[in-house]
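Visitor: Marked as active site by TrEMBL: A:ASP313. Under the heading Zn(2+) 1 binding site, TrEMBL lists A:HIS68, A:HIS70, A:ASP160, A:ASP313. The annotation substrate binding site is assigned in TrEMBL to A:HIS70, A:LEU71, A:ARG72, A:ASN102, A:ASN286, A:HIS317. Per TrEMBL, the feature Zn(2+) 2 binding site maps to A:ASP160, A:HIS187, A:HIS240. Residues annotated as domain 'Dihydroorotase catalytic' in TrEMBL: A:59-245.
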Amino acid sequence: MAYPIGSRDLLIRGGRIIDPSQGLDAVGDVLLRNGIVEACGGTISTPDGAEILDASGLVVAPGFIDVHVHLREPGREDVETVASGAHSAVAGGITAVCCMPNTKPVTDNQAVVGFVKQKAEQAGYARVYPYGAISVGQKGETLAEMAEMVAAGAVAFSDDGRPVESAQLMRSALEYARAFNVPIAEHCEDMTLARGGSMNEGIMSAKLGLKGIPAEAEEIYVIRDILLAKRTGGHIHMCHLSTKGSVELVRWGKERGINVTAEVCSHHISLTEDAVDGYNTNAKMNPPLRTAEDIEALQQGLADGTIDLLVTDHAPHHYDEKEREFADAPNGIVGLETALAVNTTYLLHTGILTLPQIVDAMSCKQAKIFHLPGGTLARGGIADVTIFDPNRQWSCDPKAFKSKGRNTPYGGHTFTGQARYTIVAGRVVYTA
Amino acid sequence: MAGPLGKDLLGLAPLSADQIRLVLDTAVPFREISERAIKKVPTLRGATIVNLFFEASTRTRISFEFAEKRLSADTVNVASAGSSVSKGETLVDTARNLEAMKIDMVVVRHGGSGAAKFLAERIESNVVNAGDGTNEHPTQGLLDMLTLRDRFGDLAGKRICIVGDVLHSRVARSNIWGLTKLGAQVAVCGPRSLLPNAIEQMGVTVFNRIEEAIEWADALNVLRLQLERMQAGYIPSLREYNRVFGVTSARLEKASRDLLILHPGPMNRGVEIDSDVADGPHSVILDQVTNGVAVRMAVLYLLAGGKPELAEAAKKGVA
């Protein structure tokens, strides 16, 4: 991708370098040159004319990647554009995102894939890798032209926002995509169980009089797709898992050597269904916020590696779209600018994950599973770096978001952990 | 304006037991106004009330309108069909426009759970929830409780079973919140497919068989079973529902004591309730309708800042 490359050498000095891709956790320097990592670790002498960034007391990690975001362009540029979304990403310390294809028109052809890539390069913030839709128009009827989309730059396929209801079509997608070595990412939701639901089915939905979405609506598709991956040998990636049962099913699949990977959103490991109380539309998402028991299982799944990735499902909306009756409000939250903070606050400072585990789930594994550049500070890799302070306290003010969206359940929350410098292709694109 | 109930009546969940008793106590003197030849007092003269009905309703809207007119309020009825709502106007825009017309109260019926709360948080006028989605229908809950109290006196320890489609019922939730706060024991009975999954955690007993419910209860509050539930796959047929869960005189005769029978209406005779039960000696269904007007008068009076100790005077038209 033709992203702008830093014009000078950049020496990141004296930070705690955490790079699980190299098994590295030590204080040292990193030198970036011509958009790639020139050297990593130890003491590096300052090249002539190099810019120096003092990272003492900070963590230096391979740039964070988020394989699950919605950028809304084309179609809803009033809500988010590729540029505003990419700006939002770097404000959260995220150097690359994969954007879902539920745009208008749907990203189901090479032209739209190319359009999104072009917009991202023009913006010059985070790198943007488009998803292609699994089916034409995300209608679940016929396979989209995957080969052409891969050639145009699509890195994975999904009908996210809706499930692939036909098991036969999902089977074909898993088989067909094998030739291109790209994941098929599934939005697991049995619509016959979930339809009309707007929150988790449980005591809170009973109290509020809202139709609930049972855990089984997700789990039925998780096990179906694991079995299809077993049959086909294809790579199934489970989007935004939210239930204890889903974690157990993915664990079952991995134990049998089935090619299954999984992600969890930061909001699903930090908030329960109680956040919906009072009909708070900023806590409305799909899949819905679940129970404390589910959160514990998701956190445990991250800790033992059953769940591979921490993502955001970044889903901006106009404030007036959320400003309505709960059942009619759209799903989702602005996630890119709070993800790192949520993860350090709820996973690191609670002792559930270590810093290397968080970096692994937010960077190294994302690159590895989605076959993306980055995810490493090894010499020769792209010069995408996230420098963050895991102990810095800050208060979330949605009005300050770089995203066009303001919809977040974390407004006013105090977090511990913040990105300080975001570097893409050797160029500092965000400083906090 | 905020009286002893606060600014709004959104449900019985947010009310204290004392506030519920206050409404019921206040409704008693107001009930007498409806017995007079001239059924009108000037208590809310000059107040403007908008009945904002986004969902079709006959009895609740008429009951509110009678309550408002008997208190001499000026009323306007807005239905969603034919209004700007049908042209796509949002609830918040509708609310702002009403507010700009300097009204005093809004009575709102809406298909979305939480809609009344949503409105109340955005306008200064008093908001009365006349039923929001499957959340609450507080004045129905209150009139049910007044009807029960008329017969039982203190409700503490009384056993009330709600029968039927609890899953989709706002009446059921208001009954559960209100009755439990006054110390009654509450149960639900119906097909499991029409009961909320975690209903036991709301402190109610669950009966799977209507015979057990009848044996246990002092009163049955029988909910309407809609044809749509059958079409949506919740139950096999209305015929089978009647045979398994119908409140029939044959079943009631086997009970060891007489039960009070309530129904919020409209009834499906021969489905959830048989005609001889609905029209029988233990039915208080028409008393509920009468009490509905009195309860709504009490709610409007209290929300408008009326003092409970002056309710008797308000009835005479001097407060």
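Placed from the backbone N, Cα and C atoms, the Cβ positions cover glycine too.
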Visitor: Express in Å, rounded to the nearest integer, the largest CA to CA distance found among the substrate-binding residues A:HIS70, A:LEU71, A:ARG72, A:ASN102, A:ASN286, A:HIS317 named in the record.
Guide: 17
Visitor: I need the CA-to-CA distance for A:ASN102 (substrate binding site) versus A:HIS187 (Zn(2+) 2 binding site), whole Å please.
Guide: 12
Visitor: Compile a sequence-ordered list of residues in the same chain as A:HIS317 (substrate binding site), six or more apart from it, whose Cβ lies below 8 A from its Cβ; state 'none' when nothing qualifies.
Guide: A:VAL79, A:PRO330, A:GLY332, A:GLY405, A:ASN407
Visitor: Reduce the DSSP letter at A:ARG72 (substrate binding site) to three states and note it down.
Guide: coil
Visitor: What is the Cβ neighbour count of A:HIS187 (Zn(2+) 2 binding site) at a 10 Å cut-off, with all protein chains included?
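Guide: Result for A:HIS187 (Zn(2+) 2 binding site): 24 neighbouring Cβ atoms inside 10 Å.
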Visitor: If you draw a 10 Å sphere around the Cβ of A:HIS70 (Zn(2+) 1 binding site), how many other Cβ atoms fall inside it, taking every protein chain shown into account?
Guide: 26
Visitor: Rounded to the nearest angstrom, how far is the Cα of A:ASP313 (active site) from the Cα of A:HIS70 (Zn(2+) 1 binding site)?
Guide: 7
Visitor: Can you give me the Cα-Cα distance between A:ARG72 (substrate binding site) and A:HIS187 (Zn(2+) 2 binding site) in Å, rounded to a whole number?
Guide: 18
Visitor: Can you tell me the CA-to-CA distance separating A:ASP160 (Zn(2+) 1 binding site) and A:HIS240 (Zn(2+) 2 binding site), as a whole number of Å?
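Guide: If we compare the Cα positions of A:ASP160 (Zn(2+) 1 binding site) and A:HIS240 (Zn(2+) 2 binding site), the gap is 10 Å.
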Visitor: Non-local Cβ contacts of A:ASN286 (substrate binding site) (under 8 Å, 6 or more apart, same chain)?
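Guide: In sequence order, A:GLU189, A:ILE213, A:ASN331, A:GLY332 meet the Cβ cut-off.
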Visitor: Including all protein chains shown, what's the count of other C-beta atoms within 10 A of the C-beta of A:ASN102 (substrate binding site)?
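Guide: 20, counting other Cβ atoms within 10 Å of A:ASN102 (substrate binding site).
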Visitor: Return the residues near A:HIS240 (Zn(2+) 2 binding site), defined as same-chain residues 6+ apart in sequence whose C-beta is under 8 angstroms from its C-beta, sorted by sequence, else 'none'.
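Guide: The answer is A:HIS68, A:HIS187, A:GLU263, A:VAL264, A:CYS265, A:HIS268, A:PRO287, A:VAL311, A:ASP313.
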Visitor: What are the sequence-distant neighbours of A:LEU71 (substrate binding site), meaning same chain, six or more residues apart, C-beta distance under 8 angstroms?
Guide: A:GLU80, A:THR81, A:VAL82, A:GLY85, A:ALA86, A:VAL97, A:CYS99, A:THR103, A:VAL116, A:VAL128
Visitor: DSSP three-state call for A:ASN286 (substrate binding site): helix, strand or coil?
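Guide: The residue in question, A:ASN286 (substrate binding site), is coil (DSSP, three-state).
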